[in-house]
Amino acid sequence: MPRLCDICRTDRAVLKRPKTLQSICRPCFYYVFETEIHHTITSSRLFQPGDRVAIGASGGKDSTVLAHVLKTLNERHRYGLELFLLSIDEGITGYRDDSLETVKRNQQQYDLPLKIVSYEELYRWSMDAIVKEVGLKNNCTFCGVFRRQALDRGAQMLRVDHIVTGHNADDIAETVLMNLLRGDVARLQRCTEIATTGEDGATGPEDRIVPRSKPFKYTYEKEIVMYAYFKKLDYFSTECIYSPNAYRGYARTFLKDLEAIRPSAIIDIIHAGEAFQVRHGVKMPTQGTCERCGYIASNRLCKACVLLEGLNRGLPRLGISRTGQHRTAEDIPAAKTVTVTVGDSSEVVRGGTNVADW
Ligand SMILES: Nc1ncnc2c1ncn2[C@@H]1O[C@H](COP(=O)(O)OP(=O)(O)OP(=O)(O)O)[C@@H](O)[C@H]1O
């Protein structure tokens, strides 16, 4: 006798929900997945009716599912949002050029306006050129700092009120662990915030900063992969060719091991991060404005301007702190894989790739 769905008790269960381990049918999975995100959006009051919202669209599974779900919820619950896709072209041949083709197809599929902003036009440096200069080591520092600012600049060009990104619960729990292990109290305090108004969550001058939020804050990566698979969404699943972010790799492997024993570990770590409070009197960095470009900065110059100056002066190591160092690809302890259970079998997928094998 087929097992019935733990939620509706009517249809046949076809998947095990990664977050709760319930056996459920496909319609109930869509319903709980979308409804939890709707609840996150409304309980955190992320948007106002009439808001223009840019979805940070990389073509990957998270932002593709985000575009799909946000469009669905916007229509279903009449949020009254005007949605845009905003893509940053970092200039990584064989990776971003391919994923941007996916975003262009998503633009047609979801009928949303698309804006692409490139590092080349903003900084006169592509990541291909930066990697030639700095090598694989440390390149993620440049890419991350430039992308944060590029998203902000793109959002200003689109004149949107808000940016949303596809950061999911796993990403946030990993970040909590990383900040804890590094003893980075300032970031630990703000990395669980669902909405931020500036770089790394700091508050900056309002005219410079576009508010940013993470509607997938409580959404498990495994469920995002399942949703994309069952809905047959068109997404790009190759890992970045320059992404040797070893430290996050260790945190990720640890988190996946914990999740395998106890699925609630991801949410528990986020809740622990949310409850974290810094003792009164602990010195925290203060935010000001970059003297050169006007973007928010905790020093005289913002991080992007310091890195750019290093590149332009032929001193690419300028501005790279010890904690910002990354290792080479060989140092990554585990590939970015996701194990999901459909029916009776478990499958390991890389970045949510071979879901077609299920
Ligand atoms: N090049 C980009 N252009 C626009 N938004 C981006 C870009 N890269 C990342 N983002 C945004 O930041 C989020 C987290 O990015 P990250 O690099 O961690 O990718 P990811 O976890 O693989 O997500 P995705 O599956 O959407 O690529 C993405 O979901 C997306 O919203």
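Cβ coordinates are placed from backbone N, Cα and C, and glycine is handled just like the others.
TrEMBL does not curate its annotations; it predicts them automatically.
Under the three-state DSSP scheme, Gly166 (ATP binding site) falls in the coil class. Positions annotated as ATP binding site by TrEMBL: Gly56, Ala57, Ser58, Asp62, Ile88, Gly166, Asp171.
According to TrEMBL, the feature domain 'tRNA(Ile)-lysidine/2-thiocytidine synthase N-terminal' maps to 53-252.
For 288-318, the entry in TrEMBL reads domain 'Cytoplasmic tRNA 2-thiolation protein 1 C-terminal'.
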Site extent for ATP (largest Cα pair distance over Gly56, Ala57, Ser58, Asp62, Ile88, Gly166, Asp171, Å): 20
DSSP-derived helix, strand and coil totals, residue by residue, for the domain 'Cytoplasmic tRNA 2-thiolation protein 1 C-terminal' (288-318): 10 helix, 4 strand, 17 coil
In the chain carrying Asp62 (ATP binding site), residues 6 or more apart in sequence that have Cβ under 8 angstroms from it: Gly166, His167, Asn168, Phe216, Glu221, Ile224
Coarse DSSP state, helix versus strand versus coil, of Asp62 (ATP binding site): helix
